[in-house]
Amino acid sequence: MLHPEDITGVVLAGGKSSRFGSNKALSRYGESYFLQHIVRKIQPYTKEVVVAGFYPEYQKLGVPVLKDVIPDSGPLGGILTALTYCSTPWILVLTCDMPLISNEIIMQMMAVGRGEAIIGWKRESTPGVFPLLLSKSLLPHIEEAIKEKRFRVKQLFDRGNACLIPIPDELQHLFANINNQEEYNRILS
């Protein structure tokens, strides 16, 4: 079982949100914004939380905001930046557009780890659904992938040494990421 003092929480928030039409990290959700909501959600399970993706508005959150070490390398670049920054052996990675993720999902991930380098979720035949727990031991592999212009996060699962948790049907909706205004309006109603 992983413990909070071994984990840095990482919220990926550097995307362009082109399908959404505006920066979705700053979209209202309840009494806060997507980004604030996710930061607060993972704080109890981590030593610290950082935001990977630099927009000046993020500085108001009171957590470190990291500029990509290698710009324009997508979510994998945000993960690389976080692994380079963190002092913990693990990172818990969520995207800023997953406001429905539950405490139980995070706790289950922390409980199943038995020495794997990556712990994630599997939807049918799709491995690597966020959130993910990643070991710092993956850092050289991620650096190599980015140098070779291979930016897909799912490639990390090709290396083996992964624990994939099947998503139960009744929890599928909690893994939704919000990509457009229609999906956003649906979760607000």
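Numbering starts at 1 and runs along the chain as displayed.
Positions of Cβ are set from backbone N, Cα and C atoms, glycine also.
Per TrEMBL, domain 'MobA-like NTP transferase' is recorded for 9-151.
Sequence-distant contacts of GLY14 (GTP binding site), defined as residues of its own chain at least six apart whose C-beta falls under 8 angstroms from its C-beta, comprise ALA52, GLY53, PHE54, TYR55, ASP68, GLY77, GLY78. Taken from TrEMBL, the feature GTP binding site applies to LEU12, ALA13, GLY14, LYS24, ASP68, ASP97.
A coil conformation is recorded for ASP97 (GTP binding site) in the three-state DSSP classification, outside any helix or strand. The Mg(2+) binding site annotation in TrEMBL covers ASP97.
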In whole Å, could you give the widest CA to CA gap in the GTP site formed by LEU12, ALA13, GLY14, LYS24, ASP68, ASP97? 19
Enter the number of other CB atoms within 10 angstroms of the CB of LYS24 (GTP binding site). 27
